[in-house]
Amino acid sequence: MRLSDDATSEHTSVSKAHIICTVTISTSDQTDHNKNQPQQRVPQFPNPHMPTTRSQNREADMEAALKTFFSSPRFAVAGASSDPNKYGHKIFAWYLRHSLPVTPINPRVPTVNILQREHTTVASPKALTDPPASAYSLSVITPPAVTWQLLKEAKEAGVPAVWLQPGSFDDEVLAYARANFEAAIGGDGGGGTEGWCVLVDGEEGLKLAGREWSRL
């Protein structure tokens, strides 16, 4: 499943579960099987005094990025749409429902209708001037080729943090975001099946940032 505006499948999240695999060996084969098997190893548990692993470092980095992202005073959604079937609509509505100040970015239309209200759009991150772009974190729901140019404009405008929805980037775009912004969220991880998504992981980010919000 992809979360770009071109996606047609539903976004789902799944609970994490531990899966234990077992192998059944018949009695007649048990003896020969055991002869050929190496001695069973005793499970090794992590030593709390050992250095952290790369995965632990990545988790800590992402928590820091979430905190930075949701510490911005305002937010913008690139790819905002009036179509309730598109994720540009769903994600903009998520910000509204969490009582967060948000601006839609869409160069094709002057307004978008979301949650029964008209919202005036801006054409690009460079048009975020009141307050300046440095006060915004940016959610991106555009195709990778569009995202590339969008991120360049966001960097020039002074946007500090970006969240790349699944389907909005390729490896090169994600690497650019990580290298050029104070915080860049995207790629593998999060609570869903396709990577970091505002709809799934946004509330955790609000908690990490200590952000006050109320559900509308």
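Any Cβ shown, glycine's included, is placed from N, Cα and C.
Owing to the predicted nature of the structure, the values given are computational and were not obtained by experimental measurement.
Record features (TrEMBL):
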{"type": "DOMAIN", "residues": "69-168", "note": "domain 'CoA-binding'"}
{"type": "REGION", "residues": "26-54", "note": "region 'Disordered'"}
- prompt: Under DSSP, the domain 'CoA-binding' (69-168) has how many residues in helix, strand and coil?
  reply: 32 helix, 29 strand, 39 coil
Task: Note the mean pLDDT of the domain 'CoA-binding' (69-168), expressed as a whole number.
output: 98
